[in-house]
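Here the structure is laid out as structure tokens; the discussion comes afterwards.
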Protein chains: 2
Amino acid sequence: MKPVKVGICGLGTVGGGTFNVLTRNAQDIARRAGREIIIAQVATRHPNPDVDTGAVAITADVNDVINNPEIDVVVELIGGYTIAKDVVLGAIANGKHVVTANKALIAVHGDEIFAAAEAKGVSVMYEAAVAGGIPIIKAIREGLAANRINWLAGIINGTGNFILTEMRDKGRDFADVLAEAQALGYAEADPTFDVEGIDAAHKLTILSSIAYGIPLQFARCYTEGISKITTDDVEYAEELGYRIKHLGVSRRTEKGIDLRVHPTMIPVARPIATVDGVLNAVMVNGDAVGDTLYVGAGAGAGPTASAVVADIIDLARTFDAPAEASVNHLAFNDIEDVAVLPMEEVETAYYLRIQAEDKTGVLAAVASILSERGINIEAIIQKEPKDGEALAQIILLTHVVVEKQMNEAIAAIEGLASTVGDVTRIRVEHLN
Amino acid sequence: MKPVKVGICGLGTVGGGTFNVLTRNAQDIARRAGREIIIAQVATRHPNPDVDTGAVAITADVNDVINNPEIDVVVELIGGYTIAKDVVLGAIANGKHVVTANKALIAVHGDEIFAAAEAKGVSVMYEAAVAGGIPIIKAIREGLAANRINWLAGIINGTGNFILTEMRDKGRDFADVLAEAQALGYAEADPTFDVEGIDAAHKLTILSSIAYGIPLQFARCYTEGISKITTDDVEYAEELGYRIKHLGVSRRTEKGIDLRVHPTMIPVARPIATVDGVLNAVMVNGDAVGDTLYVGAGAGAGPTASAVVADIIDLARTFDAPAEASVNHLAFNDIEDVAVLPMEEVETAYYLRIQAEDKTGVLAAVASILSERGINIEAIIQKEPKDGEALAQIILLTHVVVEKQMNEAIAAIEGLASTVGDVTRIRVEHLN
């Protein structure tokens, strides 16, 4: 069969990895795809020292790729919202299929991009946008297609997971580990996207759309970072049989869809709790299959290229098939506009850490505040002041309650004369 | 678009589950597949009390389904090699696509079945044949298609994993737990297929073919069960930082492909070591993606139906596409006849447990036997005789060595005057 010709826009870490995988494994890839996949052109302004582009045509102008009549598939690996969006929409307008690793672009502009692609009868593939090399988009859109998905939860930012793992294993502070992660190149100079959960929220937005058949609603995703987690919290979590992970959680409820990224305590006995360092993991619960878990590298040249090239192979295989043979962009051929729940209406269990001068008095007062709001206590730990510190700590685990109730309870606890400073609150999910 | 009509052969656990999932989630399934999927006929000799077949036509004769001109897809959920093979080949001969959950049939007769299907331009789908609801066939054939797969290892028999988990958690004997598993319905009355590794070997055979692009070679799979594992071994493994799992392991080496099912000690720190009870898990290592792990229920009505129905949805979506748009049955469009390594040539590390009367003397003799064969020792534990027992135990971990060398070393150790009985040998894999 006729080869498929791809044009790669961007030759950084992921672009270089994609070039190298397509070249190194060309023979096996052709045996799988049923036809050759040829890199016809690369758009880049900077050479990549890890890539030998050989005889492949190089241009500094992405428009040369978009407008190249030879090219069947445009691979967008530039990142960001501006040039990347022009490349994707330009390629679609020219009737080319698109493969992208750009989570921000899909989470924020995906609805517009998919509509344009459907009007032109082309596909936009984005396996690499979520959880790097783990084929999680394919698992949810195809592998679990028989299921009504009930919930999903994922460690979908490797930097954050590396920081929390180091804090637990070595008792180090957040700021200290972050500085090391930046030095190692795991975290960007501006770490906001990673540690404040924005990157995870982009990915969760995409996963939720394909799980439930709802529009992409990044703006409605509740996002809370890990910068306030202390080594005390990490230790108390372990003492209670839990581990703190920065999770994206999304759940189908009768009132709407949960969509939230926040530090989360999960039972240590779950396999996902043992996913450490820069690894990513996603749990998906479906009504037929029950719980499934997918683990792997969430970033890096090789893993991301693995996902990009898998998409190219899917396109090559179905290149001569009618458009209906391709999987719907957001899994379903019609999208249901189910509401995303405001965070105040989300139901979850909680870990609370309260600092107090007079431990005995405050415990009675706290218990009464919770009890008045129907919040049941699952476990309590009281800690004497550490050497040189004046404050005792009270740690509570609660049963499941509506967030609004908990907000009111926390405000009341913080208002007590005997408590000091803010109450630390970490949501608890049992993932079952 | 025109609906796709399926005929289900077999209405036992999996057949019933498939019927119920297709019925319960019909609306969402049509939104994903782009067309309705209708159950046109069911062949069964026994009603299933968990299924309300309503107005669906029921027949006792599978030939009615195979020869039904209305039916597009025949779903074989009978099991075994005899009637099931006739159903699959008969359906193919009539130009129908096939979905099956039958690992034994695919592992033993897959090459013949796929050749027949390719000659007729139809697809035989078998996601449910390996690891139940985990979409592992799709992950390897499609999700990781960019990779040259280096190795894979899986807990692919839930009964065996349940038994080993109970032995570890509760210190119970193999025979005791097996009896309970039979009472609970996890294990068959004849547990040979599960505990002797035959079922796992069927699944490993399939996984290896699609990972490396080699023919199905069940007869060449080395198979060793878990019935000789003692609670002592389970405890010593933990003491050494390992856990015993019944793994299917397959690795690409310069000399050929490893293909083996046996009890295996793996480091406790790996997420796969925490996969307990009846759960299944598969690790796959590819040259681009690195390690990936997939976990979920390996059996049961719901999980297996999840995989069967996902296959039906894939067929429905590509129903009007040319045959080349479907994934190759064994992932590659040409199969390379790579040799399966005889077990004697496999390289792995070992755990040895030696019983001895005179501990000090025997240790020197054992060390000398290993050293003469270039086998390095990684760790040693010596155990005094337990109360009421006369024999001391010596436990060794070795570095990686060729199995043939180890066979010779074990024969020499068993020949020592100071050792008693057989040496227990458990292979050790670090999965990296």
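Note: Cβ is positioned from N, Cα and C throughout, glycine not excepted.
Bear in mind that the values here come from a model prediction, so they are computed numbers and not experimental data.
Features reported for this protein in TrEMBL:
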| type | residues | note |
| --- | --- | --- |
| ACT_SITE | A:K203 | active site, proton donor |
| BINDING | A:C9, A:G10, A:L11, A:G12, A:T13, A:V14, A:G15, A:G16 | NADP(+) binding site |
| BINDING | A:K103 | NADPH binding site |
| BINDING | A:E188 | L-homoserine binding site |
| DOMAIN | A:351-428 | domain 'ACT' |
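Shown here: features listed in TrEMBL, placed on the structure.
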residue : record                    : DSSP class
A:C9    : NADP(+) binding site      : strand
A:V14   : NADP(+) binding site      : helix
A:K103  : NADPH binding site        : helix
A:E188  : L-homoserine binding site : coil
A:K203  : active site, proton donor : helix
Residues close to NADP(+) site centre defined by A:C9, A:G10, A:L11, A:G12, A:T13, A:V14, A:G15, A:G16, Cβ within 8 Å: A:I8, A:G17, A:T18, A:F19, A:T44, A:N48, A:L77, A:I78
If you count, for each of the binding-site residues A:G10, A:G12, A:G15, A:G16, the other Cβ atoms lying within 10 Å of its Cβ, which residue has the minimum? A:G12
Other C-beta atoms that fall within 10 angstroms of the C-beta of A:V14 (NADP(+) binding site): 27
Integer Å value for the Cα distance linking A:G12 (NADP(+) binding site) with A:E188 (L-homoserine binding site) is 15
Here are the binding-site residues: A:C9, A:L11. Which has the lowest count of other Cβ atoms within 10 Å? A:L11
Other CB atoms, at most 10 A from the CB of A:K103 (NADPH binding site): 25
Can you grab the distance from A:V14 (NADP(+) binding site) over to the residue listed as 'L-homoserine binding site'? Cα atoms, rounded to a whole Å. 16
In whole Å, note down how far the CA of A:C9 (NADP(+) binding site) lies from the CA of A:K203 (active site, proton donor). 22
Residues in the domain 'ACT' (A:351-428) grouped by DSSP into helix, strand and remaining coil: 26 helix, 28 strand, 24 coil
Same-chain residues at least 6 apart in sequence whose Cβ lies under 8 Å from A:T13 (NADP(+) binding site): A:G300, A:A301, A:T304
